[in-house]
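A.B. asks: Once you've had a glance at the structure underneath, I'll fire off some questions.
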Amino acid sequence: MTNSSPRVKRRTDTQYLHSVSSKLPKVDFDTNNEEFFEEEFEIYDPFYRAELPCPKPSLSISKHSIAKVPSNVNKRLELQLLLTSGTFLPNSRPYLSERVRKHTHLLSNSITGDDKPSLIHVDFTPEECFILQEAKLKFGPVNSVQFNDAYSTHISPKLPGRAYEDCQKFEIDNPSLSPVDKHGAIILRTYKKNKKLLPDYLKSFYNAGSSYFQREQVHQLMDGESVFFLKPWKHFNETSGDTVCVAYNPLCEKFALGSTAQDGAYNRLGNLWIGDFHSETIQSLESHYKLNQVGEKEYSTISDLCFSKGNLFLYTGAFDNAVKVWDMEGNLCGIFNAPTDYIHKLALSDDDLLAVACKNGYGYLLSTDNSTGEILTSANLIYPEALEKGYSASLIEFSNFLGRSSDKVIIGYDSFHTSNNRGCLALFDASTASFVQKFNTADEAFTSLYMHPSQVGFVASSNTLSNGRVYYLDTRMYKVCLNFTTTQKDINHATISNSGILVTSSGTDNQTFVWDSRKPDKPLSLLKHGKTKMIHFDGANEEEVDAGINMAQWQPKGNLFVTGGSDGIVKVWDLRLNNPFIQNFTEMNSAITYGGFSEDASKLTVCCVGGDVNMYSLGNDNGNKFGEFRIIENRLLT
């Protein structure tokens, strides 16, 4: 049926049909004639929808329905537009005077009974200004008795949500009551009264005794538990490779970053950086490199660095077989290039005597000029047996006695470069640069040295073919007092707690063993990290190829222990507790390569694979976001 075809209602009344048929002339019906049916009957339309009677009227949609806000709409800006457009009228539209609005920052983060944002100010819209102007012409100034009497009955209904006091404040700020060029709203951020200002860990101390939080102990709390109050501060990712060493000067005004260097086309500047905390600047120091066969610079891995005790110089060692001295402005002051192989480790005495461990098996002692940084003298530390066996000097530390460095130097040897797990631990006299003794340890490759900052002991870890071992040594007798055996095949870090009682061993298995030195036979705790973020070949022994835990730090002057593993997570522990885990401090995108506190515990630097460096600081106001350092001109040296 076409659109022009008339619609004929069908009748089923037989009497009506009989009366009509009696009046029509008799004709022969040709049922095969389609035109006959088209003229007398409506052709069936399958798409025709008959209107059926509705037994119940439809219900209207509620007028309070709220349209769904698109996901790309800024809800905060949308609310401000609604508040100032006059189309959205809350129960209260308060007005703050201009003088008070200049100090609204003092109201932020206020404590309220709920966690909903509070509306504290809404500017008068142009429509409201015109209403006030008309009322002023009729009833006089806003701050008058006649206006006040008329407000509740004649004016308030036209200004929903406005109090008479709001109009008074607005007249003081704007005597003409004329519309302002820009108008908006102020919403106060709030938080609940029961929000945790301190972690549950500290809350437990508070419940145990409030004297812990008395005024004279607040400084001790911040020193010992500062990791809970550290906030994101700076992010940096311009290094040449993975950052493997970080140093702070004693005043915590400067810092330095040392990174690995890549081979071939990926080798680039950025292996050594020095930064300033106050000016928030950082610069690259270009000097640790070698010239290849075609005369191009190939930058070397920075293996270790440290600042002088007098805050004047930075000492750096690298795989270019050199030790270099820099001033605080990044100027090169001295070079020691006598070593014939990689520099592995640096150590500094309280008198700024520098000790160096080299891959060729030698140790070196360097004295520098206190004013210019020039290297004045050098002496070799030689253990003949280690040289004969081809050991590498991989560790070096000045011995400590009750918080002061002594004239004794400890060197740890290994033979990893020959795929051998052999080595030893030796003692030297720095005053005469002479060998004193070999420690009574097994001939095992030593992997870490940790000198207690204020006690009379230190720990050294070693690897055997099947397991690991940690030795606890006394600096008064220079003998092994205790040893702890672990199933770890490769130990990255061994440490002693600030109390001198707890000993830890962190390895490539992404675990840390903890012992009580009073009961050395059995581990006290086992601290575990999660699944590694490093990529390994199928079938590889993960413990042999994974980086494991590369960060094992005690909170300075405190009891907290902080670890960072190849799962990219930095964890905080209190090893005095039965359940030592406290919280995850942060999570990086890849495996942790280094982490360390500043001496005053006000800074913490965490580095991961790929070169990312995150710095956390006390007292910053970055809104939990990382800022950036300003990079200044490189020091180009030849």
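Here the Cβ of each residue, glycine as well, is placed from N, Cα and C on the backbone.
It should be emphasised that the depicted structure is a prediction, and the values quoted were computed from it without experimental measurement.
Straight from Swiss-Prot, here's the annotation block:
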- 297-336: repeat 'WD 1' (REPEAT)
- 486-525: repeat 'WD 2' (REPEAT)
- 544-583: repeat 'WD 3' (REPEAT)
- 587-626: repeat 'WD 4' (REPEAT)
A.B. asks: Quick one: DSSP breakdown of the repeat 'WD 1' (297-336) into helix, strand and coil?
C.D. replies: 0 helix, 25 strand, 15 coil
A.B. asks: What parts of the chain pack near the repeat 'WD 4' (587-626), using Cβ distances under 8 Å and only residues at least 6 beyond its ends?
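C.D. replies: Answer is 222-223, 226-227, 229-246, 248, 250, 252, 255, 257, 259, 277, 532-534, 547, 549-551, 553, 555-558, 562, 564-570.
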A.B. asks: I need to check the long-range neighbours of the repeat 'WD 3' (544-583): which residues 6 or more away from its ends have a CB within less than 8 Å of a CB in the stretch?
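C.D. replies: Contacts of the repeat 'WD 3' (544-583) (Cβ under 8 Å, skipping residues fewer than 6 from its ends): 199, 201, 220, 223-228, 489-490, 492-493, 495, 497-499, 502, 504, 506-512, 514, 524-525, 527, 529-534, 536-537, 589-597, 599-601, 604, 606, 608-609.
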A.B. asks: Can you break down the repeat 'WD 4' (587-626) into helix, strand and coil residue counts using DSSP?
C.D. replies: 0 helix, 18 strand, 22 coil
A.B. asks: Pull the DSSP breakdown for the repeat 'WD 3' (544-583) and write it out as helix, strand, coil residue counts.
C.D. replies: 2 helix, 18 strand, 20 coil
A.B. asks: Which residue counts does DSSP yield for the repeat 'WD 2' (486-525) in the helix, strand and coil classes, in that order?
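C.D. replies: Across the repeat 'WD 2' (486-525), the residues distribute as 0 helix, 21 strand, 19 coil.
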A.B. asks: Can you check how the pLDDT averages out over the repeat 'WD 4' (587-626)?
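C.D. replies: Within the repeat 'WD 4' (587-626), the model's average pLDDT equals 91.
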